[in-house]
Amino acid sequence: MKELFLFSDMIMHSHTFNYLFHLILVAIIVLIVAKLATRSMQLVPRGSQNLLEAYLEGIVSMGRDVMGSDELARKYLPLVATIGLIVLTSNVIGIIPGFEAPSSSLNLTLCLALSVFLYYNFEGIRTQGIIKYFAHFMGPNKILAPLMFPIEIVSHLSRIVSLSFRLFGNIKGDDLFLMVVLSLAPWVAPLPAFALLTFMALLQTFIFMILTYVYLAGAVVVSEEH
């Protein structure tokens, strides 16, 4: 199957360069969006400010439902909102002909997953203390602690794999699907395909953000039974 045209290939035909080119492009787009939305802040939001505020309020609402606290939801809002913008932009840019989704590379998804993993564990240790935090890994029954502890460790480590490979696999699959559609019917068929891929881009962004909140909640929200 013939490879699709990429604008980055006009500069240098290299997989590594293509990835870095689109990753930098995503970073620039996110910075521009943030700058435009905060350039002239108004009491009654309009235009891009209104759109960004709606996005942030939606994330806070989601975080409040997951963490059970408006304070905690807002505390971790910058992290989740930034990840959301990066993931969404990375997903959507791959739908545009001539561009490739950085999230279709395991390099980006693994870095994001590792960042979330390290941060929620850091927050859990900072909030509860290292002994109390890892004591939760042993479960409520001390007799089963030697069995539960390694299981919990593996379970937490598997989150890196699930977060990174879920996003990578779905977006990579979307790219291959789009390539096939464009090869078979380049003028008519892509229209519904673009709508489907846009929905999938939004869905994968939502899943990544809500799982980030879920992992943070598990780390910092102390259960009474412990």
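These residue numbers are counts, starting from 1, taken along the chain as shown.
Positions of Cβ are set from backbone N, Cα and C atoms, glycine also.
The following features are taken from Swiss-Prot:
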type     : residues : note
TRANSMEM : 17-37    : transmembrane segment
TRANSMEM : 79-99    : transmembrane segment
TRANSMEM : 105-125  : transmembrane segment
TRANSMEM : 168-188  : transmembrane segment
TRANSMEM : 200-222  : transmembrane segment
Top Cβ-contact partner of the transmembrane segment (168-188) among 17-37, 79-99, 105-125, 200-222 (pairs under 8 Å): 79-99
Folded-back contacts onto the transmembrane segment (200-222), same chain, C-beta under 8 angstroms, at least six residues removed: 59, 62-63, 66-69, 72-73, 76, 79-80, 83-84, 87-88, 91-92, 95, 103, 112, 116-117, 119-121, 123-124, 127-128, 133, 159, 163, 166-167, 170-171, 174
